[in-house]
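Per Swiss-Prot, these features apply:
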type: ACT_SITE; residues: His189; note: active site, tele-phosphohistidine intermediate
type: ACT_SITE; residues: Cys502; note: active site, proton donor
type: BINDING; residues: Arg296, Arg332, Asn454, Asp455, Arg465; note: phosphoenolpyruvate binding site
type: BINDING; residues: Glu431, Asp455; note: Mg(2+) binding site
Amino acid sequence: MISGILASPGIAFGNVLLLKKEEIVINRQNISTENIKTEINKFFNGRKKSVKQLTEIKIATGEKFGKKKEGIFEGHIMLLEDEELEKEIINLITEKKISAAEATKFIIEGQAKALEKIKDEYLKNRAIDVRDIGSRLLKNILNISIVDLNNIKNQVILISKDLTPSETAQINLKYILGFITDLGGPTSHTSIMARSLEIPAIVGTVNITKKVKNNDFIILDSLNNEIIINPSDQIINEKKQVERKYFFKKENLKKLRNLYATTTDGHNIKIGSNIGNIQDIYSAKKNGAECIGLYRTEFLFMGRNALPTENEQFQAYKEIAESMENKPVIIRTMDIGGDKDLPYMNLPKEENPFLGWRAIRISMDRKEILHAQLRAILRASAFGKIYILFPMIISVEEIRTLKIEVHKLQIQLKKEHLVFDENIKIGIMIETPASAIIADHLIKEVDFFSIGTNDLTQYTLAVDRGNDLISHLYNPISPSVIQLIKQVIDISHLHGKWTGMCGELAGDERVTTLLLGMGLDEFSMSSTSIPKIKEIIRKTSFSKSQELAKKVLKAATTKEILDLLNKFII
């Protein structure tokens with residue numbers, strides 16, 4: 001039995017089709033001065049062909065997944081046509097006298113590797129998109145045929161080293177019952193599209209392509225993270241029963257999507273979605289998100305060769321605000337640094353990047369970046385209910401400085417006769433012990449708090465969650481972290497304000513009742529977690545969850561907390 005990473009839940013039974021992709025090997029070959037123009041033309045012709053293909057895929061994607069998913073390939077086309085990318089490739093061809101193919105591979109691979117260094121899974125997985133674009137461009141430069149999944153005419157479970165977003169967009173559910181890959185993660189566009197298709201998928205198995213051969217019969221059970229090769233009749237029958245139970249459970253959860261998260265004794269909780277771009281809105285709305293609890297704007301800055309302009313940002317924020325139809329959209333300003341690098345910004349190499357020049361610290365030092373982003377957010381606020389969220393705040397002075405900047409920009413926009421929400425709400429991320437400890441001072445300066453449990457846990461426990469030697473110590477259910485969360489929530493309520501949570505803990509089913517009992521006002525999570533969290537809240541008594549919270553807050557160890565959570569009966 002083989003396992004991997006859940007990309008999209010479900011069960012599939014079928015024969016294997018191995019999708020083999022040969023790596024394109026480009027041997028170093030210097031070109032003559034006379035051939036430079038020829039190679040540059042090869043690049044332009046390859047790009048033109050790639051844009052045409054991606055435009056066709058974009059249209060087909062819109063028809064299959066809905067208009068919102070077209071944005072994935074609009075992004076691909078934008079990167080292909082990016083002036084900085086073009087300039088870098090042409091400069092390499094001209095100055096180093098290398099072929100268009102070699103120059104393209106060098107530049108694209110550099111961008112992909114920069115993204116892979118990022119610990120944030122969502123941004124890290126954008127490397128797959130960059131390589132997808134680069135591979136297409138490279139093949140078109142070299143006149144190599146591109147894989148077309150539309151040619152599959154038998155029912156199969158597709159197995160490959162990886163699947164790119166453009167390949168996933170070609171999946172025909174009539175013939176492709178599910179897919180498994182060696183590479184990939186849960187937040188890649190491939191996984192996101194698989195969830196939109198509701199097709200069973202497991203990624204990140206490392207070596208599934210070496211464990212199976214064509215026509216092997218397999219069971220792909222992504223519910224239990226199991227891949228069973230050539231199973232017995234008994235196992236097939238057992239898994240068929242699991243499939244039936246899952247189908248009925250899924251249908252019941254669908255009914256909850258558009259219901260409110262109201263406890264059995266009438267306490268209402270707001271449930272939101274964390275997103276990275278416009279394509280995620282479709283899944284958020286489909287799963288019943290009442291708001292966007294976190295819009296990670298970093299994605300706008302990644303996978304490109306220059307900072308996004310104010311207008312580019314404005315269009316992105318405006319589209320999301322309009323798509324949410326006046327439901328709250330909390331836009332976090334750029335959270336770059338730490339493990340999120342932007343090659344074109346030449347960020348310094350630091351010994352402790354997570355304790356260094358990152359997030360709001362960069363924005364405050366680079367006022368042109370801050371101003372462009374805040375102006376874009378303010379302008380977009382005329383088209384929906386937008387809130388501003390500042391990350392990595394550790395002092396009252398920072399907030400006051402930022403509020404002055406917002407006010408200055410509001411005056412600017414008025415002079416330019418541009419419309420915006422003059423009463424726009426401003427909040428801060430609580431993701432350091434410093435901000436949690438002085439929450440009583442910070443809350444007087446803002447409208448709301450949003451707890452980022454990923455960084456709060458890391459900083460509170462002094463544990464680098466990306467360090468395999470100590471990652472076992474990273475535990476958001478640690479008594480110290482739970483105490484800080486409770487303190488922050490209570491302080492916000494004392495001042496008549498509210499606290500949300502956008503870290504991974506918000507979507508963790510084990511602690512839903514605990515967070516509810518601690519008084520958390522808003523849970524924001526991955527869209528696919530929303531129906532299940534709503535189900536738990538709707539079955540829970542608020543008063544009983546408060547009793548649970550009181551007991552948990554007295555616990556001295558994580559084990560004691562988990563024991564209390566496991567014993568709690570809804």
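Quick reminder: no glycine exception, Cβ is built from N, Cα and C everywhere.
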* Structure fact -> Reading the DSSP string in three states, the entry for the residue listed as 'active site, proton donor' is coil
* Which ones in the same chain are close to Arg332 (phosphoenolpyruvate binding site), with CB under 8 Å and 6+ residues apart in sequence? -> Leu294, Tyr295, Arg296, Thr297, Leu389, Phe390, Pro391, Met429
* Do you know offhand how many angstrom separate Cys502 (active site, proton donor) and Glu431 (Mg(2+) binding site) by C-alpha? -> 10
* Asked: Could you tell me the C-alpha distance between Glu431 (Mg(2+) binding site) and Asn454 (phosphoenolpyruvate binding site) in angstrom, no decimals?
  -> 8
* To do: Pick the one among the binding-site residues Glu431, Asp455 whose Cβ has the fewest other Cβ atoms within 10 Å in this structure.
  => Asp455
* Do you know which of the recorded positions Arg296, Asn454, Cys502 has the most other C-beta atoms within 10 angstroms of its C-beta? -> Cys502
* Where Asn454 (phosphoenolpyruvate binding site) falls in three-state DSSP terms -> helix
* Asked: Hey, does DSSP put Glu431 (Mg(2+) binding site) in a helix, a strand, or just coil?
  -> coil
